[in-house]
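Quick notes on the structure that follows.
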Amino acid sequence: MADNDDAAGCPPPAPAPVRRRSSANYRAYATEPHAKKKSKISASRKLQLKTLMLQIAKQELEREAEERRGEKGRALSTRCQPLELAGLGFAELQDLCRQLHARVDKVDEERYDVEAKVTKNITEIADLTQKIFDLRGKFKRPTLRRVRISADAMMQALLGTRAKESLDLRAHLKQVKKEDTEKENREVGDWRKNIDALSGMEGRKKKFEG
């Protein structure tokens, strides 16, 4: 009984620590081949479904082509009615030919208008598509070539006729004659003598020098 009481009062043993797999074990586990999950549909069943889908698509295409042929026949029967040429004279045949030519010209005009509208719509669609690509940043950037160009040619291309005026920087500078520069240098060089003369130090220097 004492043993049973001690066993009941003791806490349950802790579970064994889970051993983590090392990176090498994980790598080996990832690279080793595993059994692929079996598909619920067999290969023969897949082939049968694909064949059935192709047959349905073929029937749909044939039906659409038949509908287009029927619409074309109905349009031609309403627009191109059979001609009644029995008992017509030469003048009446000429009038009929003129009427037919007028109808042909009208149809050509309508066809031209429709083609112009279609071309305009295609151009607008292409422009909108290009704008969408530009906004998304997925447009194809053209390859740029390196071009050697001088500074003068670059300014000429940017400014045009004003390039010469802007490049002529000396025109805005003040022109100084050579005589004026010599005079300024002479005046600057004699500033010590002028100071000595004003302060009365010139005579004292002569006494020391003598």
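Heads up, the Cβ atoms here are built off N, Cα and C, so glycines get one too.
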Range annotated region 'Disordered' in Swiss-Prot (choices 1-23, 185-207) is 1-23
Three states by DSSP: which one describes Cys80 (site 'Involved in TNI-TNT interactions')? coil
By a three-class reduction of DSSP, Thr129 (phosphothreonine) is assigned helix
Just checking, which of Thr51, Ser77, Thr129, Thr143 (modified residues) has the fewest C-beta atoms within 10 Å of its C-beta? Thr143
Return only the integer: C-alpha distance in Å from Ser77 (phosphoserine) to Ser150 (phosphoserine). 73
Whole-number Å value for how far Thr129 (phosphothreonine) lies from Thr143 (phosphothreonine) (Cα to Cα): 21
Cβ atoms other than its own within 10 Å of the Cβ of Cys97 (site 'Involved in TNI-TNT interactions'), all chains, total 10
